[in-house]
Amino acid sequence: EITRFTDCRVLRDHEIYEDDIWFSDGVILDPEKEFFVNKHVPQKSVSLDGAIVAPGFIDIQINGGFGIDFTYDLMNKPEGLSKVAKGILTHGVTSFCPTIVTSKAEVYHKVLPLLEAKVGGLHGAEVLGAHLEGPFISPEKKGAHCIDDIQDLTDGVETLKSVYKHTDNIRIVTLAPERRNSLEVIQWLTRESEICVSLGHSMADINVAVEAIKKGAKLITHLFNAMPPFHHRDPGLVGLLGLGTKTPVYYGIIADGIHTHEAALRAAYKSHPKGVILVTDAISAMGLEDGTHHIGKKTININNKSAYIAGTTTLCGSVATMNESVRYFRNAVGCSTAEALEAATLHPAKVLGLTSYKGTLEYGTDADFVVLNDDLDVISTWIGGEMVFSK
């Protein structure tokens with residue numbers, strides 16, 4: 001049966017305009033072809049009262065939420081993954097990469113098998129595979145990661161294989177390219193395993209950063225955070241945004257009003273608008289009240305949307321939701337609603353090579369939608385043409 005969304009504004013080709021959307025069997029259809037060639041008409045019509053329809057949000061860096069931390073809780077509570085997958089439907093997220101922070105090898109051996117790709121639906125958002133943030137990072141830029149668990153790539157690819165073990169379920173690896181053997185590992189990950197390599201938690205200078213991009217890395221993990229600040233003689237990882245089109249690079253950025261000053265957001269966006277990817281970097285306390293919570297071995301305090309390691313000034317991830325991030329980003333950088341939405345849909349799909357079926361509303365792609373009002377509050381979320389959340 002064909003369903004048609006009417007009275008809605010649709011995000012297509014970098015613009016939002018009035019249009020209908022037809023879909024059936026989980027796929028977006030070409031209405032003209034269906035009507036004139038196949039002589040099909042929709043059996044069901046859903047009026048959206050002028051709401052915006054965008055592709056479902058894709059969060060490529062999320063550490064947990066709703067009391068669940070992927071790194072520390074899944075070994076004892078494997079159902080925790082489903083709890084988060086279901087919870088983020090309320091934020092318009094239809095696909096995500098559960099993220100594991102720097103850990104000992106045994107954690108990867110136990111948790112990675114639980115993070116295999118899984119189709120989304122009423123049970124929760126689609127799992128695209130894991131984002132492994134560490135352990136091959138720089139001790140100087142560890143952020144909230146545990147310094148004792150940081151490892152060297154002593155034997156290059158062999159070390160990586162023995163630490164992770166289950167490489168089939170990996171979608172993204174964040175590493176520091178200046179560490180020994182990193183460059184050969186980047187080449188192996190991107191060419192042999194088609195895993196996306198992201199540069200982050202790193203002291204890399206611009207030359208090493210460019211070398212890493214040449215070897216196949218194409219993403220920067222939470223730009224500005226856990227890396228040296230921009231310096232005009234050595235712009236470091238941040239300088240990759242200034243390379244122009246000859247080196248296409250994407251950058252994740254946390255738009256929660258806490259991790260990144262809005263002037264820095266604007267500077268990044270203005271220098272490289274096509275590369276911005278909004279990530280929540282959400283922690284287990286997302287969706288919980290202010291107060292004291294635990295992430296693994298660390299106690300954290302949450303106060304007024306900020307999460308700090310207790311007794312320090314170290315930020316340890318955000319409690320922002322994806323639709324809040326899109327809203328904050330739009331207001332902070334002054335871009336169009338379409339551009340803000342694409343930073344959470346088209347761009348993450350591009351960096352992961354998913355655009356033939358996710359991240360756009362082109363004909364033939366998955367019928368994963370988020371329906372929003374002009375304030376970017378989520379009205380409903382759809383996966384595979386099925387409504388999985390409604391306000």
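Any Cβ shown, glycine's included, is placed from N, Cα and C.
Per TrEMBL, the feature domain 'Amidohydrolase-related' maps to 52-388.
All protein chains considered, the CB of His222 (Zn(2+) binding site) has 25 other CB atoms within 10 Å. In the three-state DSSP scheme, His222 (Zn(2+) binding site) falls into the coil class. The Zn(2+) binding site annotation in TrEMBL covers Glu133, His201, His222.
Here Ala226 (substrate binding site) comes close to Lys141, Lys142, Gly143, Gly200, His201, Ser202: these same-chain residues lie at least six apart in sequence, with C-beta atoms under 8 angstroms from its C-beta. The substrate binding site annotation in TrEMBL covers Ala144, Asn225, Ala226, Arg233, His259, Leu315, Cys316, Gly317.
The Cβ of Asp281 (active site, proton donor/acceptor) lies under 8 Å from the Cβ of Gln61, Ile62, Asn63, Thr99, His222, Gly252, Ile254, His259, Gly317, Ser318, each of which sits 6+ residues away along the same chain. The active site, proton donor/acceptor annotation in TrEMBL covers Asp281.
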For the domain 'Amidohydrolase-related' (52-388), what is the mean per-residue pLDDT, to the nearest integer?
96
Between the binding-site residues His201, Arg233, His259, whose Cβ has more other Cβ atoms within 10 Å than any of the rest?
His201
For Leu315 (substrate binding site): intrachain residues, at least 6 apart, with Cβ closer than 8 Å
Gly143, Ala144, Asn225, Ile258, His259, Ser306, Ala307, Tyr308
Pairwise CA distance, Arg233 (substrate binding site) versus Glu133 (Zn(2+) binding site), rounded so that it is a whole Å
28
Excluding Glu133, His201, His222, please set out which residues of the same chain place their CB within 8 Å of the center of the CB atoms of the Zn(2+) site, keeping sequence order.
Gln61, Gly134, Ile137, Gly143, His145, Thr174, Ser198, Gly200, Thr221, Asn225, Ala226
If you count Cβ atoms within 10 Å of the Cβ of Ala144 (substrate binding site), leaving out that atom itself, what do you get?
21
